[in-house]
């Protein structure tokens, strides 16, 4: 197996970053994923205000272990939004329904993006999700079934986005800039969470919960227009890219060509390197989705913050994660380019930090009881450290099966492997399962919303995280795999 050494040519021939097309793509993708996660998580806060807790106390319990501590509020909470009699189990199904649609489009999206590019797929995925979001209040009025179906349709739209983006980066990201470029683009998801959670809380408090869905739906439509106007699938088709940058990108990826025309499904699915990513992705998402969907509930029912405080405090952990993603991407590429760390070493170390660290602080958060300051601090540290995974297993797909598109030589163009989107579709399919079952399991474990019950939820998530970190460390790879290159012959970097 060939070593995963770094291409020397990139050290001496590197296009400027300022005003570059590849970084423009990264920042526009950043705002795209900002919108996506705003659309995904706004329901987590709005649901707290949608449920009529006064008439469903038998099903939605607030434990009295922690004292009420919210500061007096001078402005009265707007209560004009309609309330619904949904018990805890129903809320779990509503929060998890998004992922039933999300899981369906992962692998098909990766395959389509590998054949026809990711620009339109990602763009229309965001547009569809935004339009469906605008109809959320109407669906809630029709009943639980309609709302669950609508959220599943939103999941269908969002399900194409990550595989499409990975497929695009396989054509745009030079090997020694992968961590930086992908970290920038995917960090938008964390910032979307940071902004959406408190903003949703403010909108719910001063207006009513229906405006949460109108606001983010309109923002998504505006982003779609900019995306279609400014983005190209490949450097070759970009209208304003400089010839110097185009040659830099294409030459850095040219030695990763392959002439396979069909997808090697059997060798791919037998690859232990792929399953290492699958297990790590599944494990990380168990914790991530548990907190993403239920942290506002924990803040309200256990720590007893009001809706306005809830949104802000639920967002704090994701602000740390966003900053960590940006910084870890820079650090990972510097370790590879300037300190000659191997790709495998960087991916394993960053994944260990990003999975073991959160597990430790998540357990700690469960066992400090009603100490509000420590609870928020530990949850923040836990989620922040998870940002290291953005330069770990999250982009390992591009290490084991990179690809390129956009060469002017059509004979070459038609023979290129484009597996990154397919691989992400496979791993994200398995990684969506925690989003489907995690909220349901967590709600079933917390019928009384006591501190002890939530300790069980946090310990379970931490154990899954630790297992995933160990599995990835033992079986991950940092070099191109045999099945990803021509005739299943020797791999090339």
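Backbone N, Cα and C define each Cβ position, glycine as well.
Annotation comment: TrEMBL describes 21-39 (among others) as transmembrane segment. Beyond the transmembrane segment (21-39), the same-chain residues lying 6 or more positions past its ends with a Cβ under 8 Å from any Cβ of the stretch are 15, 122, 126, 129-130, 133, 154, 158, 161, 165, 168, 172-174, 177, 181, 184-193, 195-196, 216-217, 219-220, 223, 226-227, 230-231, 235, 238, 240-242, 245, 249.
Annotation source TrEMBL lists domain 'Major facilitator superfamily (MFS) profile' at 24-480.
Here the transmembrane segment (93-113) has long-range neighbours at 40, 43-44, 47, 86, 121, 125, 144, 147-149, 151-164, 166-168, 263, 289, 293-294, 418, 421-426, 428-429, 432-433, 435-440, meaning same-chain residues at least 6 beyond its ends whose C-beta is under 8 angstroms from one of its own. Under the heading transmembrane segment, TrEMBL lists 93-113 (among others).
Annotated transmembrane segment per TrEMBL: 120-140 (among others), in sequence order. Within the chain carrying the transmembrane segment (120-140), a Cβ under 8 angstroms from the stretch's Cβ atoms is held by residues 32, 35-36, 39, 42-43, 50, 82, 84, 109, 112-113, 146-147, 149-150, 153-154, 156-161, 164-165, 168, 209-210, 213-214, 216-221, 223-224, 227-228, 231, all 6 or more beyond its ends.
Residues or ranges marked as transmembrane segment by TrEMBL: 181-199 (among others).
Taken from TrEMBL, the feature transmembrane segment covers 211-231 (among others).
For 272-292 (among others), the entry in TrEMBL reads transmembrane segment.
Sequence-distant neighbours of the transmembrane segment (349-368) (same chain, 6+ residues past either end, Cβ-Cβ under 8 Å): 280, 283-284, 287, 328, 332, 374-375, 378-379, 381-383, 385-393, 451, 454-455, 457-459, 461-463, 465-466, 468-469, 472-473, 476. Here TrEMBL flags 349-368 (among others) as transmembrane segment.
Per TrEMBL, transmembrane segment is recorded for 374-398 (among others).
Marked as transmembrane segment by TrEMBL: 419-442 (among others).
What TrEMBL records for 454-476 (among others) is transmembrane segment.
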Between the transmembrane segment (419-442) and the stretches 181-199, 374-398, 454-476, work out which stretch tops the count of Cβ pairs under 8 Å. 374-398
Counting Cβ pairs closer than 8 Å to the transmembrane segment (374-398), the top stretch among 181-199, 211-231, 272-292, 454-476 is 272-292
Counting only residues 6+ away from its ends, which parts of the chain sit with a Cβ under 8 Å from the transmembrane segment (211-231)? 24-25, 28, 31-32, 35-36, 38-39, 42, 45-46, 119-120, 122-124, 126-127, 129-131, 133-134, 136-137, 196, 199-200, 203-204
